[in-house]
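Report on the following structure.
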Amino acid sequence: MLYESLYRKSHKTCYLLGYQCYKAPDDLKLSAGTAAKIALRNRNLGLEEYRFMVRTMVRSGIGEETYIPRNIMEGREMSPTLQDSLDEMTEATFSNLDSLFARSAVSPCQIDILVTTGSLFAPVPSLSSRIVNHYGMKEGIKCFSLTGMGCSSSVIAVDLVRQLFNTHPNSFAVVVAVELTAPNWYGGTDRSMMLSNILFRAGGSSLILTNHPSWKDRAILKLDAVVRNHVSDNEAYECAIHVEDNQGYVGARLTKALPTIAMRALEGNLRVLLPKVLPLWEILRFVVASYYWKTRMMGEKDAKSPVIDMKTGIQHFCMHTGGRAVIDGFEKSFGLGEYDMEPSRMSLHRFGNTSCSSLWYVLGYMEAKKRLKRGDRIMMVGLGAGFLCNTCVWTVMRDLEDVNVWGDCIDRYPPGTLVVNRMDEILDWIFDDCMSFINFQDYDRTTLFAR
């Protein structure tokens, strides 16, 4: 009986053997100059829309080395083809998996479970079927294709694998997270929908997991806990949604309420997660401090409400790179510091918001900086449409120092001064008072850019 209990427990453990993030070719880097040219191609935008776009881009926290798909770089963003989407998906998927299989010493034919996730492109056959066909995987493989769950879906995919491991001992699983931008450029004038063009960039990630006890020594992380939270009121449901605007243009609408909804969803999630991962004495300290504040200090001037110290049980924080406002809100709400948020801010700056794959770029930064030591704990926070907040906590199995996609630039981060984006310098003429007296739609914008 004891042996059977220990056997079942050992096969419920989920280990991460490796992960790989996608870095596009250098000819797809989006400099400020290229971004300005792409913006000026949209003849639907008026002067005020351009001013809004430039201000938002400069404040977004995104740098000038992110990547965009080839059809947008070539000026075909308003007329993407199916092949454009398939090309982006293929590039972001198979190069990652080739590298991952080679590094992990796991063969594609050993994979028992395959989960793919991506919200805005669902080809037939599915991405999972294309992967099985490409590598000639076993016929009995269990395939799952998740869609519509937004930026938090890679944590959902990991949780699905964890649950499947309960009934599939000695198994290997692959998770592929890729969100396509090629077919999803927004060409209208709704400011809440223009944000998607500013924030989202090309990217993808792949990971291999196992519950095989004999592979424990090869693992880099062990999954400790997963908590999923779904805020379902109307405001939360509509704060990140794929819709058609009044002009007939389709895109992702991100409302002003999104940062507030994200923090509300995260607070609800952490009420369940933190008692599982923080020491009991910290939970008790926070409860007592909160009670004292509510009964004695509430209403007093300059009296700050107590904040739970998450660093008593968690050393590293992978925050979804949804935007500067979301990262700043997380830092402020939970009493974290610049050092804690540095990986998320630098990932947003270097790679932009890569949606469901973004957490793994943040993890890659931590590893490249040699921060991850044996026994450390990492918390991942994924936020997505619905509105979803999904978190998980990993334990580091050994000291990690692989550079992944950060190899060519990690020594430059963090810079002494974070130069975010020079788009306001290139398009400074947009803010001239004289521009308000001309019909901007009828102007030759290439001539204006030449200034």
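Quick reminder: no glycine exception, Cβ is built from N, Cα and C everywhere.
Over in TrEMBL, the protein carries these features:
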- 9-289: domain 'FAE' (DOMAIN)
- C151: active site (ACT_SITE)
- H230: active site (ACT_SITE)
- 313-395: domain 'Beta-ketoacyl-[acyl-carrier-protein] synthase III C-terminal' (DOMAIN)
- H316: active site (ACT_SITE)
- H320: active site (ACT_SITE)
- H349: active site (ACT_SITE)
- N353: active site (ACT_SITE)
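The active-site residues shown are H230, H316, H320; of these, the one with its CA atom nearest the CA of C151 (active site) is H320. Helix, strand and coil counts under DSSP for the domain 'Beta-ketoacyl-[acyl-carrier-protein] synthase III C-terminal' (313-395) come to 38 helix, 21 strand, 24 coil. Every protein chain considered, the tally of other Cβ atoms within 10 Å of the Cβ of H320 (active site) stands at 32. Checking each of the active-site residues (H230, H316, H320) against N353 (active site), the C-alpha distance stays within 10 Å for H320. Rounded to the nearest whole angstrom, the C-alpha distance between H316 (active site) and H349 (active site) is 19. Counting other Cβ atoms within 10 Å of each Cβ, the lowest count among the active-site residues H230, H316, H349 belongs to H230. A Cα-Cα distance of 13 Å separates H349 (active site) from H320 (active site). Geometry remark: H230 (active site) versus H320 (active site), CA distance 16 Å. Taking the Cβ of N353 (active site) as centre and 10 Å as the limit, one finds 27 other Cβ atoms among all the protein chains shown. Its Cβ taken as reference, C151 (active site) is surrounded by 28 other Cβ atoms within 10 Å in the chains shown. Averaged across the domain 'FAE' (9-289), pLDDT in this predicted model comes to 92.
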